[in-house]
């Protein structure tokens, strides 16, 4: 499956313009000296963060990007114009890697950050530059330097304060739709969410935070199983994680075993992920048998000092308390002091 969070493109900076071989041609000056101008510099390739972008879709549609070539030098000591600079706009959070080696070239995590990815070639010198006392009429000039070219891979890591994770179909999309403006596709089958989506949650006193609905994970995700490690990377920059459990399938499915399986995948992919703050959220608490099943799993989490919030994405039960806890973890102060 394909997601607009990763793209491979070819980028090339501009070639430098050639220097000119020219001699003065003026009336009454039969032996005019060299007057060939220099070639223009090739255009650089610059990558810059734009606050107006949220995907890499445009680059996927235009995989070949090229800066302008420098113009050739001209007679009468006229220099060629520099090639136009190519400015590639990307969303905040884009990581740029060499497509062949995997080397990280840039991590554009800050707003308005930018970098020169490739330098344009220098323009060649015209023959006027090579005139000496012993060589007054040079009939040669320098060619322009070629620009640089490389294949790069861009990866967009979602910038979110809170990440939702859990097995497929535990209710992550329903929760984010309930508490934010996001409207992810929702249905009763696995892997409904085929790409990560962001929702802005408006909290009290005009405060807000961003929540990422990460598609359902399964065992083996760290090795690419299911929708694979392409989703795990989106959790790396979230400040905290909400781990959703669905108790409605007990005893056919073991929610504690699923919880442990996902945490193993987090640790295998990146040990720091397993250390992130996690809050366990039990969805569908409006169903009577889920309330009964909650009593069975609570001791496991209480022994480990892990908070459990029973909520219902359908009715809204428990959601205000959950949002208060998220806000406290994000901003570290009680709501009354804001």
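Backbone N, Cα and C define each Cβ position, glycine as well.
Marked as GTP binding site by Swiss-Prot on the basis of sequence analysis: 166-173, 191-195, 213-216, 283-286, 312-314. Taken residue by residue with DSSP, residue 284 (GTP binding site) is part of neither helix nor strand, so it is coil.
Taken from Swiss-Prot, the feature Mg(2+) binding site applies to 173, 193, supported by sequence analysis. Around the Cβ of residue 173 (Mg(2+) binding site), a 10 Å sphere holds 24 further Cβ atoms from the protein chains shown.
Swiss-Prot lists 1-159 with the feature domain 'Obg', giving sequence analysis as the kind of evidence.
The domain 'OBG-type G' feature in Swiss-Prot is assigned to 160-331; the stated evidence is sequence analysis.
Here Swiss-Prot flags 58-79 as region 'Disordered'.
Taking the binding-site residues 172, 284 in turn and counting surrounding C-beta atoms within 10 angstroms, the largest count is reached at 172. The DSSP breakdown of the region 'Disordered' (58-79) into helical (H, G, I), extended (E, B) and coil residues amounts to 4 helix, 5 strand, 13 coil.
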